[in-house]
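Can you read through this structure? Questions will come right after.
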Amino acid sequence: MNLYQDIKAIVQAYWVTLRNMLRRPVTIQYPEQKRVPFERYRARIVLTRDPDGGERCVACYLCSAACPVDCISMQAAEDENGRRYAAWFRINFTRCIFCGMCTEACPTRAIQMTADYEICRRDSLSLVYEKEDLLIDGPGKEPDYNFYRHAGIGVVSPRGGNEDEKPPADVKSLLP
Amino acid sequence: MPDWLLTGILILAKLGFVFFLLLTGAAYLVLLERKLLGRMQLRYGPNRVGPFGLLQPMADAVKLITKEDFIPSQADRVLFFIAPGIAAVTALLTFAVVPFGPPITLFGRQVPLVICDLNIGVLYFLGLSSLAVYGVTLGGWASNSKYALLGSIRALAQLISYELSMGLAIVPVVLMARSFSLTDIVNAQATVPFAVLNPVAFLIFLISILAESKRTPFDLPEAENEIVAGFHTEYSGMRFGLFFLGEYINVIILSSMMTVFFLGGWHGPLLPGIVWFFIKVMLVAFFFIWTRGTLPRFRYDQLMHFGWKVLVPAALANVMITGAILLLLE
């Protein structure tokens, strides 16, 4: 019976290859066909703006500190109102591993990842992106978020007058 | 036009036709193999050069010719030079005895569609396939590389073992056709091909030609993941190309031999003989490719075990039984 099993196995193997030969290939032929990346695909990094059009980045260096390959560098500066911003901001995409740690670290949702994966260049120096290359016009994936509406705002009287803020609970009324 | 001139022209035309067909056939067999293997693995295979990748053989040839021709410093230069030539030439020469169609009438004379109808064609084929071993062995030995040497030792042992069963599988064919001439063998199969009359010999021959052409599951002489590339590890450029060409011409030759010995050669209904021959050769070549896409490589001891303990005794027994039956039928 061993011989029978062997012959059966060989014939089945031939059948499998023949069947696969007649199936449609799974190849995506890249330059002509492009796959649509998933929504949370992590590729080229951008700097976004808040809904009012101002820069979100406050040059806190958290992305730079979170980056495992140290590809983000910047110089913090302050304008006349005391608002921090990055004097220059640089991402070296030859080193970036697209891990997304910077976007997770960012407190203002300024640095975000996009689905644009076609960033191959012959000249590697052209992959060092400066602030003007990184900054985009829109708010990216957080269309309504404005950091300064939530932080750095003084206490109003009566309490709970700010946007997104609830009035203080009446502690006594909550008693059973 | 004098008679001798016409004869010469006809011979040259036949030679040119066969030579051209064999070389382009080998080149396009490479493409066909890459395409079919790709489809079996759910890929497309080469499709960038020309429509459907049809110019890929040209691109390959240009690449091979323009590559650096590297010779290892300690190599035996003379043998290193002639080994790929032996591999390619022995493969090309074998086709001289293959009858690829019924005789046709040209300029009022019978022209047999075979370069040279030797009356010992079978022996010529066996002799040349034994000579082809020299190309592989000398190439591997002259490279002064342990991988190449290992590959050539394997090739030598394997080809000699499987040639035996291949030769023994042809003996019943010769017995049944009562001739060593390939044309007579084809004519003897005008009604029933020998694959039907003697399926055991057919199977043994099929397995043996897989081993003889050094292809999966018997591709131990060039097993990539064991000995780099076997006997042609040190070869580059067009020298490697000659080995490669020889291998694929060999596939065509062995497919033609299969067609001649067992599948009835050019005989077939409706279509002209030469077309039938082509179809049968392509079917056998497809089986070669199909096998490469299907079966994994044998272990070396399994290969030797299978050759000496299974195929050779089976072939010997088959010779005896066929002979006895033929004797009884007389």
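Every residue gets a Cβ built from N, Cα and C, even glycine.
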For the [4Fe-4S] cluster 1 site that TrEMBL assigns to A:Cys57, A:Cys60, A:Cys63, which of A:Cys99, A:Cys106 is also named?
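So, going by the record in TrEMBL, that would be A:Cys106.
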When a 10 Å sphere is centred on the Cβ of A:Cys102 ([4Fe-4S] cluster 2 binding site), how many other Cβ atoms does it contain?
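A:Cys102 ([4Fe-4S] cluster 2 binding site) is surrounded by 23 other Cβ atoms within 10 Å.
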Return the residue, from the listed binding-site residues A:Cys60, A:Cys63, A:Cys67, with the maximum count of other C-beta atoms within 10 angstroms of its C-beta.
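Sorting the candidates by Cβ neighbours within 10 Å, the top entry is A:Cys63.
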Return the count of C-beta atoms lying within 10 angstroms of the C-beta of A:Cys99 ([4Fe-4S] cluster 2 binding site), excluding that atom itself.
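Neighbour count, Cβ to Cβ under the 10 Å cut-off: 14.
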Across all chains shown, how many C-beta atoms besides its own are within 10 angstroms of the C-beta of A:Cys106 ([4Fe-4S] cluster 1 binding site)?
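That number is 21.
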Cα-Cα, whole number of Å: A:Cys106 ([4Fe-4S] cluster 1 binding site) versus A:Cys67 ([4Fe-4S] cluster 2 binding site)?
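Checking the Cα atoms of A:Cys106 ([4Fe-4S] cluster 1 binding site) and A:Cys67 ([4Fe-4S] cluster 2 binding site) gives a distance of 11 Å.
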Here are some binding-site residues: A:Cys57, A:Cys96. Which one has the most Cβ atoms within 10 Å of its Cβ?
A:Cys57
Report, in whole Å, the straight Cα-to-Cα distance of A:Cys60 ([4Fe-4S] cluster 1 binding site) from A:Cys96 ([4Fe-4S] cluster 2 binding site).
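Checking the Cα atoms of A:Cys96 ([4Fe-4S] cluster 2 binding site) and A:Cys60 ([4Fe-4S] cluster 1 binding site) gives a distance of 19 Å.
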